[in-house]
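Asker: Here Swiss-Prot flags E265 as active site, proton donor, drawing on sequence analysis. Swiss-Prot lists H263, C293, C296 with the feature Zn(2+) binding site, giving sequence analysis as the kind of evidence. Feature annotation from Swiss-Prot assigns domain 'CMP/dCMP-type deaminase' to 212-322.
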Amino acid sequence: MAGDSVKSAIIGIAGGPFSGKTQLCEQLLERLKSSAPSTFSKLIHLTSFLYPNSVDRYALSSYDIEAFKKVLSLISQGAEKICLPDGSCIKLPVDQNRIILIEGYYLLLPELLPYYTSKIFVYEDADTRLERCVLQRVKAEKGDLTKVLNDFVTLSKPAYDSSIHPTRENADIILPQKENIDTALLFVSQHLQDILAEMNKTSSSNTVKYDTQHETYMKLAHEMARTSLSNREVPVSCVFVYKGEVIGRGFNETNCSLSGIRHAELIAIEKILEHYPASVFKETTLYVTVEPCLMCAAALKQLHIKAVYFGCGNDRFGGCGSVFSINKDQSIDPSYPVYPGLFYSEAVMLMREFYVQENVKAPVPQSKKQRVLKREVKSLDLSRFK
């Protein structure tokens with residue numbers, strides 16, 4: 001979110017060893033550079049996250065998944081530069097939309113899914129993968145045939161069967177075995193063009209301009225919300241700012257606590273009141289990713305909050321215009337102004353990414369394997385918040 005009109009799409013392309021992932025990615029990059037020259041595109045390999053001196057590159061334990069999650073988060077937040085564990089660094093432009101292709105064995109682990117714009121699994125049967133393995137490692141790289149076959153049988157194939165193949169069900173698109181590469185390229189290329197069209201549409205129609213300082217504080221809230229999402233928590237987070245200083249922050253804990261009242265705003269308020277008098281809220285501004293609910297809006301009013309900035313509306317429980325306008329009621333406590341639409345599209349997509357995934361802690365868990373993440377974001381109706 002370094003630039004409020006810049007969008008990042010992260011495409012995870014997973015599959016087993018020698019399934020054709022890298023070849024697909026390289027040809028997709030060529031097509032992107034010719035068909036969308038104004039879009040920045042880059043390929044990242046999961047092997048960049050191998051622990052030093054790893055012996056078995058096929059084992060999940062050989063990869064620094066936590067470091068990988070941090071890089072995914074930085075890309076999602078619009079970082080200008082990312083550095084990988086292998087020592088390489090990548091500069092990301094802030095004046096172009098970005099499509100980042102990532103290929104690797106373990107991209108579709110449950111904790112990584114929220115970061116991807118699209119998830120693809122390249123499937124090939126064991127015989128085809130073995131044939132490619134021999135051709136590449138023996139013929140091209142002059143490897144020892146006996147060792148190559150032993151590695152495939154004792155390391156590569158067991159890892160695929162037990163840990164890689166099961167993640168296939170998390171993919172949005174599965175490219176079937178023996179499929180002609182040109183057909184796969186055409187299909188995935190069109191898919192990327194659709195994603196680009198949505199990125200361009202939302203970036204041009206859903207921008208609400210605010211001062212850079214307000215954007216800085218909201219970015220802090222979004223960083224916490226993205227972390228919450230990766231931990232399967234409702235991605236609503238906030239920061240309270242008093243005279244230019246962040247004095248409190250919070251994120252929803254409704255899932256982990258199984259309590260419907262552990263909202264970001266209330267958690268942050270509790271922490272603030274441990275160190276400051278209640279009178280501090282008269283000069284404090286709240287930045288929250290989603291419109292405060294009825295309960296939180298009322299609490300903010302009782303504390304005489306100075307102002308509230310939020311990203312997207314809360315169509316079911318909003319207390320600042322979407323359902324009720326508690327912030328405007330002057331019958332008991334003073335009213336407070338609200339400023340919606342700060343990183344609106346990003347806030348909408350965070351919530352969609354949460355609700356499209358399985359939530360085993362929901363009161364009535366529902367299977368969501370067939371749900372598709374919608375990318376079109378309608379323009380925000382600002383009139384209801386005036």
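We count from 1, first residue shown onward.
Here the Cβ of each residue, glycine as well, is placed from N, Cα and C on the backbone.
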Asker: Could you name the residues, excluding H263, C293, C296, of the same chain that surround the Zn(2+) site, i.e. Cβ within 8 Å of the Cβ centre of those residues, in sequence order?
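Answerer: Output for this site, in sequence order: A264, E265, L266, P292, L294, M295, A297, A299, F317, G319.
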Asker: Using a Cβ-Cβ cut-off under 8 angstroms and a sequence gap of six or more, which residues of the chain neighbour C293 (Zn(2+) binding site)?
Answerer: H263, N314, F317, G318, G319
Asker: So what sits near C296 (Zn(2+) binding site) in its own chain, CB-to-CB under 8 Å and at least six residues off in sequence?
Answerer: H263, E265, L266, G319
Asker: Neighbour count, 10 Å Cβ-Cβ cut-off, for the residue listed as 'active site, proton donor': what number do you get?
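Answerer: Result for the residue listed as 'active site, proton donor': 25 other Cβ atoms within 10 Å.
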